[in-house]
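A.B. asks: In case it helps, Swiss-Prot gives these features for our protein:
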- Gly164, Pro165, Asn166, Gly167, Cys168, Gly169, Lys170, Thr171: ATP binding site (BINDING)
- 357-375: compositional bias 'Basic and acidic residues' (COMPBIAS)
- 132-350: domain 'ABC transporter' (DOMAIN)
- 357-381: region 'Disordered' (REGION)
Amino acid sequence: MEAIEWLENFLLDFQGSIVFISHDRSVIRKMATRIVDLDRGQLQSYLGNYDLYLTTKEENLRVEALQNELFDKRLAQEDVWIRQGIKARRTRNEGRVRALKAMREERRQRREVMGTAKLQLDTSSRSGKIVFEMEDVSYEIAGKTLLKDFSTTILRGDKIALVGPNGCGKTTFIKLLLGEIQPTSGKIRCGTKLEIAYFDQYRADLDPEKIVMDNVADGKQDIEINGVKRHVLGYLQEFLFPPKRAMTPVKALSGGERNRLLLAKLLLKPNNLLILDEPTNDLDVETLELLEEILTDYQGTLLIVSHDRQFIDNTATECYLFEGEGRLNKYVGGFFDAKQQQANFWASKAVEEQAKAKKSEPLKEESAVKNDRTSKPKSVKLSYKEQRELEQLPQLLEELETKITTLQAEIADPAFFQQAHDITDAKLKALADTEAELETAFLRWEELEEKKNLADGKA
């Protein structure tokens, strides 16, 4: 995801024109100022951002459907006229006949809107309340620590996204849970009554030599979902595989078609634990949105590995973020909520470290000041410079508090973490520095106030 964000910001800074193709809605929303839509062989240009495109496209399709309905009604009326009796045919208007032929040709060439996949899950019996327990789990391979002293409890109904760069250990984490590999140290306990459906990013569950139909039904004509028998060809049409395409070998399919096929096969399995490892690769936006709806309503436990930020945000209720050197932290919410919490966490850590550093300074200076106050009461009076400083400190404190409020508001904005890392890091550092500066200024104000009170005989 860091690479995606870097590319976004690199392209946003680019001064020339950019043409890009993407199914990543976050990328499109952030970058596109004009969208060219390819629909049924026709290109249509939409000015504006992605959300405006969706609204305009929906309205265009509504108008098109209405126009087609009126056209078909008129065509049916003309067909009735041309089939009238002998008398009507003798007196028919040749121009009207030619117009009817043109209408029939126009109707023949019309390309209907491509359907969307119709997905449904074969639900299973409920698992036990505890699905997985991990206690101080670590995992190392080839001298590299992927996981260090991690503990968690995954409960029935949890929807967790594993987020991190390639190679950080997301798939390894899943293999640890499933018992395919053993941890270097720590304990992992599995719950009861688990029925697992696993979407593998490598599509290992598909036989490339078999045709689409046989991959799903294993040579049978019927499949069963939720206790109801279906013909396999009818089921595959819901995943946008017409009968002819259902007879095609898997090795001839596109990446998107293979992912749809894997979903078709996966969703047939009764399950209460669904593991999706990069399910969004090559899926079109309509199928993505339908999958999101299904996962939102899913009653079982869900584990997701994905680089699609919008997909995670729409499906996950908790995120596990891989932060390097074996660190894995848990954050409540979708992707953007998790990233904001992560930034706030590390910003507060930075403030704590700075505060500790100040407290650990040698105490000699503080002791000398105290001795000076007790042994030299005559010199306790504020100097002119200190008096000026004391007068200016309230204004400085107010300015620092205003700056902190402004920075906190910027960081709380969900769009904040869509900026380049150097920008977000600079803002987070500025917040930590300003909070430290405020603390220092406040301590100085207290010190000067105390000195002034001593001079005035109030202490």
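Here, residue 1 is simply the first one shown, and the rest follow in order.
Just so it is clear, glycine is given a Cβ too, placed from its N, Cα and C backbone atoms.
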A.B. asks: Starting from the Cβ centroid of Gly164, Pro165, Asn166, Gly167, Cys168, Gly169, Lys170, Thr171, the recorded ATP site, name every other residue in that chain with its Cβ within 8 Å, sequence order please.
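C.D. replies: Apart from the listed residues, the neighbours are Thr172, Phe322.
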A.B. asks: Counting across all protein chains shown, how many other Cβ atoms sit within 10 Å of the Cβ of Lys170 (ATP binding site)?
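C.D. replies: Excluding its own Cβ, the number within 10 Å is 25.
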A.B. asks: Can you tell which of Gly164, Gly167 has the most other C-beta atoms within 10 Å, given these are the binding-site residues?
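C.D. replies: Counting Cβ neighbours within 10 Å, the top one is Gly164.
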A.B. asks: Indicate the candidate from Pro165, Asn166, Cys168 with the smallest number of other Cβ atoms within 10 Å of its Cβ, considering only these binding-site residues.
C.D. replies: Asn166
A.B. asks: Can you work out the mean pLDDT of the predicted model over the domain 'ABC transporter' (132-350)?
C.D. replies: 89
A.B. asks: Would you mind checking how many other C-beta atoms are within 10 angstroms of the C-beta on Gly169 (ATP binding site)?
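C.D. replies: There are 21 of them.
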